[in-house]
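This report refers to the structure that appears directly beneath it.
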Amino acid sequence: MLNPGQTIAAIATAIVPQQGSIAIVRLSGSEAVAIAQRLFIAPGQQVWESHRILYGYVCNPRTGQRVDEALLLLMLAPRSYTKEDVVEFHCHGGMIAVQQVLQLCLEAGAVLAQPGEFTLRAFLHGRLDLTQAESVADLVGAKSPQAAQAALAGLQGKLIQPLQQLRRTCIDILAEIEARIDFEEDLPPLDLNQISSQIQHSLTEVNRILATADRGELLRTGLKVAIVGRPNVGKSSLLNAWSRSDRAIVTELPGTTRDVVESYLVVGGIPVQVLDTAGIRETSDQVEQIGVERSHKAAQAADLVLLVIDAQTGWTAEDQAIYTQVQERSLILVINKIDLVDQAFQPQACLPDPALTYLCTAAAQNQGIEDLESAILSKVQGGELEGANLDWAINQRQAAALTRAKLSLENVQETIANQLPLDFWTIDLREAIRALGEITGEEVTESVLDQIFSRFCIGK
């Protein structure tokens, strides 16, 4: 624990100057109530009981000066988030009053909480398992409703259940094997068919859970999409139609966009950062050259590139030059201005590669956006993301540990097939148990905990 035995305090809400009607200062620890009683004056006959809200004033105990009119929420152990005594001051919003209240708490004996320390205490006291604790951070940082739902499912324990069952199965098998090692003459032989079946069933379940990792990563970090192409093919019009706003300036003059314009969208539950880039061409204009260079960098940094061309002019040498630079990226060809060509137009004639994913749009008329989103989802999900039928998903840390468990179980299968001594079976089973315990928090090092909770905000 970062501040073992001490009462911690922090501002639990975002501080935005001149915005927000309420700001919360949170205390947790054995001295939380005593500190609150030194700072808070509750008029009348209000009773300091658990899970009650008191009305009153936060005062400086040295001067008696009132700092803020506030509500106080009291939650005594173990019926609190951390399973310690927890007190919250619900102050007026803004920056000044809430910071003064926090400072008074620190002067009264509390120490400033480190990032994630409240949730760390909840984990250490058994209020949350490690998957639930990580889901708290995911819920706070969710960038889409689907990401929030996945985090909430993890917080409700839906991820821990299959993991605990897997670990129990491995422990049961290990116990059976060790019993045969220690008491071989007193017990019947191992049922190899049953053990092999249990190992195979466990591997099937591990693979099912691992299949959610890509979906989880997309939900948490989102997708970066770069719109590239030569000048005046309709890149900015595409961004505006897609974002349903005038994010980018649109004119008939080549080189209007000089810098990367960003917009944030949600496509099929996946947060998407869209980068509208400057038209790529040879130019002597120094400012435009900088914009072109940034376009190249945006394309290289993107998870997916939308190469936009003009249906009126078809495939040009400039398009080919750009395609050569981005063809190794995940790529979709967008044939824009389809409304300006006749019905005899053949989009396949514009393809530099027959296998290239393409679609047609009329961005100025807001046409083709649904097709664009469908193509993006198909591209990043391979048609349908594995594990998409589950309402939760694992993160990269959990996937790495689960992959180790999978390899260990596969080693057990190989050991059984090769009829190696039972001692060899136990080595890989213990590693599988250890790897699964790292996910649930039953076997986890202090350095892993530090890494996990360092990404939390202060006050959570």
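Cβ atoms here come from the backbone N, Cα and C positions, even for glycine.
Residues or ranges marked as (6S)-5-formyl-5,6,7,8-tetrahydrofolate binding site in Swiss-Prot (evidence: sequence analysis): R26, E88, R127, K460. The Cβ of R26 ((6S)-5-formyl-5,6,7,8-tetrahydrofolate binding site) has 24 neighbouring Cβ atoms from other residues within 10 Å, across all protein chains displayed.
The K(+) binding site annotation in Swiss-Prot covers N232, T251, L253, T256.
Look at Swiss-Prot and you will find 232-237, 251-257, 276-279 tagged as GTP binding site, backed by sequence analysis.
Within 10 Å of the C-beta of S236 (Mg(2+) binding site) we count 25 further C-beta atoms, all protein chains included. Feature annotation from Swiss-Prot assigns Mg(2+) binding site to S236, T257.
For the domain 'TrmE-type G' (222-381), the model's pLDDT averages out at 81. According to Swiss-Prot, the domain 'TrmE-type G' annotation covers 222-381.
Comparing Cα positions, E88 ((6S)-5-formyl-5,6,7,8-tetrahydrofolate binding site) lies closest to S236 out of the binding-site residues N232, K235, S236, A278. When the binding-site residues R26, R127, A278, K460 are ranked by how far their Cα is from the Cα of S236 (Mg(2+) binding site), A278 comes first.
When the binding-site residues R26, R127, K460 are ranked by how far their Cα is from the Cα of K235 (GTP binding site), K460 comes first. K235 (GTP binding site) falls within a helix when secondary structure is assigned with DSSP.
Within 10 Å of the C-beta atom of K460 ((6S)-5-formyl-5,6,7,8-tetrahydrofolate binding site) sit 20 other C-beta atoms, taking all shown protein chains into account. Looking at N232 (K(+) binding site) and R26 ((6S)-5-formyl-5,6,7,8-tetrahydrofolate binding site), their Cα atoms lie 54 Å from each other.
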